[in-house]
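To keep things clear, I will list the structure first and then write my remarks on it.
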Amino acid sequence: MKINNKKVVIVGAGAVGSTYAHNLVVDDLADEIAIINTNKSKASANSLDLLHALPYLNAAPKNIYAADYSDVSDADIVVLSANAPSATFGKNPDRLQLLENKVEMIRDITRKTMDAGFDGIFLVASNPVDVLAQVVAEVSGLPKHRVIGTGTLLETSRMRQIVAEKLQINPKSIHGYVLAEHGKSSFAAWSNVTVGAIPLTTWLKKYPNPEFPTFDEIDQEIREVGLDIFMQKGNTSYGIAASLARLTRAIFRNESVILPVSAYLTGEYGQFDLYTGSPAIIDRTGVRAVLELELTQEEQEKFKASTVLLKENFDSIKEKCTL
């Protein structure tokens with residue numbers, strides 16, 4: 001993909017889409033930002049609000065506007081952050097429960113985008129992101145490396161922050177990844193987590209910390225904290241918007257950086273033909289390569305169990321919805 005004028009189209013002007021648009025402006029990541037929303041007046045208001053921030057930011061002038069699908073043909077990136085109308089999460093929900101109406105929404109958005117002549121990269125943030133990324137890939141017909149879900153970017157950030165707080169270390173010095181589904185079956189690959197260049201397991205033996213929780217406890221906190229945030233403020237937006245911005249920067253700046261995204265597996269971890277969370281090299285082409293971590297037996301079993309769940313849900317959707 002050749003990128004000259006860096007153009008991003010955001011489909012969905014809710015909390016995530018709006019915060020992501022703000023990140024694009026503040027971080028000076030895009031030259032043109034087009035916002036598509038079912039309520040076009042909200043997209044227009046967001047666009048004006050962002051334009052009014054520009055004079056006080058260290059960013060180049062931008063073209064920011066409310067758009068429709070006729071504006072996507074020359075976009076480099078289309079971000080799907082739209083959410084289907086649904087009941088609130090409720091107590092201890094599963095993202096996969098409200099899947100069918102979300103699949104139909106994402107399918108229709110993808111069709112409209114492709115009918116308009118889009119030939120760039122899709123970034124999928126709508127949940128359940130792994131299943132919906134696969135829907136986008138199948139409906140769009142684009143090469144799989146150009147459809148990327150946010151995957152476990154947010155869980156990985158949460159893991160790094162939690163570990164850093166316990167060790168009183170800058171989270172940028174915590175390295176490792178949360179894998180598999182963006183949801184209840186995700187897990188941190190603790191055998192690969194390091195503090196600097198020191199394995200976390202070695203660090204904890206060398207510098208004992210009686211207040212450091214078990215790995216299972218941290219995994220549980222990572223899985224549950226999103227719901228805690230949602231129940232208190234009605235959404236989660238800053239973390240996932242920052243994750244999207246990080247992906248965007250990697251693409252536009254051709255960084256060849258390793259990020260834990262929802263990527264299409266073609267044999268990695270012994271799995272085929274599905275999207276799930278794994279480290280991948282991200283550059284201007286999208287996913288340049290999916291990386292396979294060396295996992296313990298227990299971690300391999302967790303990964304396999306998660307993929308079984310995702311495959312079951314995607315297969316059930318294919319039976320109910322025409323893709």
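One is the number of the first residue shown, and numbering goes on along the chain from there.
The backbone N, Cα and C atoms fix where each Cβ goes, glycine too.
As the structure is a computational prediction, the values presented were derived from the model and not from experiment.
So that you can see what the record holds, here are the features copied from Swiss-Prot:
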- HIS182: active site, proton acceptor (ACT_SITE)
- VAL16, ASN37, LYS42, TYR69, ALA125, SER126, ASN127, THR150: NAD(+) binding site (BINDING)
- ARG95, ASN127, PRO128, VAL129, ASP130, GLU155, THR156, SER157, ARG158, THR236: substrate binding site (BINDING)
- ARG160, HIS175: beta-D-fructose 1,6-bisphosphate binding site (BINDING)
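Taking a C-beta cut-off of under 8 Å and a sequence gap of six or more, ARG160 (beta-D-fructose 1,6-bisphosphate binding site) has these contacts in its own chain: PRO171, LYS172, ILE174, HIS175, GLY176. Among the residues the record lists as binding NAD(+), namely VAL16, ASN37, LYS42, TYR69, ALA125, SER126, ASN127, THR150, the two farthest apart have Cα atoms separated by 25 Å. Ranking the binding-site residues VAL16, ALA125 by how many other Cβ atoms lie within 10 angstroms of each Cβ puts VAL16 at the bottom.
Cβ neighbours within 10 Å of PRO128 (substrate binding site), excluding its own Cβ and spanning all shown chains: 23.
When other Cβ atoms within 10 Å of the Cβ of ASN37 (NAD(+) binding site) are tallied across all protein chains shown, the result is 23.
Here PRO128 (substrate binding site) is compared against the recorded positions VAL16, LYS42, TYR69, THR150, HIS182, and the shortest C-alpha distance is to HIS182. Rounded to a whole number, the distance between the Cα atoms of HIS182 (active site, proton acceptor) and TYR69 (NAD(+) binding site) is 28 Å. A gap of 29 Å separates the Cα atoms of LYS42 (NAD(+) binding site) and the residue listed as 'active site, proton acceptor'. By neighbour count, meaning other C-beta atoms within 10 Å, the densest spot among the binding-site residues SER126, ASN127, THR150, THR156 is THR150. According to its DSSP assignment, ASP130 (substrate binding site) is helical. Separating the Cα atoms of ARG158 (substrate binding site) and ASN127 (NAD(+) binding site) is a whole-number distance of 18 Å. DSSP assigns TYR69 (NAD(+) binding site) to a helix in the three-state reduction.
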